[in-house]
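Feature list (source: TrEMBL):
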- 1-10: compositional bias 'Low complexity' (COMPBIAS)
- 32-56: compositional bias 'Basic and acidic residues' (COMPBIAS)
- 247-259: compositional bias 'Polar residues' (COMPBIAS)
- 57-124: domain 'Histone-binding protein RBBP4-like N-terminal' (DOMAIN)
- 1-56: region 'Disordered' (REGION)
- 247-279: region 'Disordered' (REGION)
- 279-321: repeat 'WD' (REPEAT)
- 324-357: repeat 'WD' (REPEAT)
- 373-406: repeat 'WD' (REPEAT)
Amino acid sequence: MESDEAAAAASPQGSGGTVTPAPKKRGRKPKIKEDSQTKEQSGKESGGKKTKQSVDEKYTQWKGLVPILYDWLANHNLVWPSLSCRWGPQLDQATYKNRQRLYLSEQTDGSVPNTLVIANCEVVKPRVAAAEHISQFNEEARSPFVKKYKTIIHPGEVNRIRELPQNSKIIATHTDSPDVLIWDVETQPNRHAVLGAATSRPDLILTGHQDNAEFALAMCPTEPFVLSGGKDKSVVLWSIQDHITTVGTDSKSSGSIIKQTGEGGDKTESPSVAPRGVYHGHDDTVEDVAFSPTSAQEFCSVGDDSCLILWDARTGTSPVTKVEKAHDADLHCVDWNPHDDNLILTGSADNTVRLYDRRNLTSNGVGTPIYKFEGHRAAVLCVQWCPDKSSVFGSSAEDGLLNIWDYDRVSKKSDRAAKSPAGLFFQHAGHRDKVVDFHWNAADPWTIVSVSDDCETTGGGGTLQIWRMSDLIYRPEEEVLAELETFKSHVMTCASKP
């Protein structure tokens, strides 16, 4: 194993062959691959060459700023697109880096099976990586910081991954089916993904949807509860409490922490769990769900009916509050602030992110957002609050950008930043196509993993990036100025010497 110093200074080497998979739109099946002649013709008709050129120019400009903007960045080229990426448990710590699990998927075109990938990621600690190193990556290469640890052959596409907060070795996945699949990733056997290979067997199957549930999925921060939404316009709640032998994090345990009980008695079947409740109130597909940070009984959901709905399992299966028109188009994502249970974020196909205070939502569904964040030029696909600061959150969109916002800065907007949207203080532009998912790292402050589907723009599979902005960007201004003043004095002293 290479030393910490070598790993921190290593430059990504080697490259993998790129395979062009069929592109997939959110909520739609992959398109059939076109032959080269058809693709060339369609490119000419749509001005594809011009689009490609502008994307590359913008990307080149961003890459030149990497040493200034980032404390660390790792770029990992994917053969296949991934629609979800999540941090798992931290495994160990060393002098210059930490090792942590990373969950992602491989969304294939059918020539090989779809897979759920468990990787080990080496996260370089703050102020360790050299500026020249983080800028000298090869877009076509695999990063030495990301190593595949285990492959699970998934029964269908992996549209969404969520980890259980009480034990992040247990994850839930959504696929193109009504069921939610539960996996104990440590005890699942490692599989070789070749055409014709049998799929891996989930540890649990959560049943209750009447139609496909593809994207809306959440795990409860306070209890082992799972929440899902689907095309059947319903929100479904399960408890997996009785199926977990322990919620501890003992990595030495060799057996699965999920009890093999339920309806599926023999070893060829996975046990299934029926729902605690099915909640009706949406008039179209439910696109995302989120639990309250303080109560397993309270949750919210958003959907293609433009509605934001708040639910309370203690009061029945009808909405507590329904905001009829939370946005001007479909809602794709929602997140509940872990630091303040009154604040809820929503993202939409109308290109905006809106911040709601649930105390301002009345029983007749009338509600005005506290603020509307306008900085994306395409549909917002994912929003998430930062675990490290209560007013900070991220949003990713089909415009290829991952924006970092601070609500506290909205009222403090200065003349210097007049050209940028209020509250926007960092823009990650390292992806060249739609950023389908990202996840803040709770174990490593201000570190983010993000993934893009690069099929349509670059003809590639996907790009996984792990990055941390420079702390000079998010730290208090007076603190940063004091540090820079010290640095200035040091430089002046050195310069004055003969």
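One-based numbering along the chain as shown.
For all residues, glycine too, the Cβ spot is worked out from N, Cα and C.
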Legend entry - Cβ contacts under 8 Å made by the repeat 'WD' (279-321) with residues that lie 6+ beyond its boundaries: 27, 215-223, 225, 227-231, 233-237, 327-339, 341, 344, 346, 348, 356, 358, 361-363, 365, 367
Legend entry - Residue distribution over DSSP helix, strand and coil in the domain 'Histone-binding protein RBBP4-like N-terminal' (57-124): 13 helix, 38 strand, 17 coil
Legend entry - Secondary structure content, the repeat 'WD' (324-357) (per DSSP, counts of residues): 0 helix, 18 strand, 16 coil
Inset, instruction - Just give the helix, strand and coil counts over the repeat 'WD' (373-406), going by DSSP. - result: 0 helix, 19 strand, 15 coil
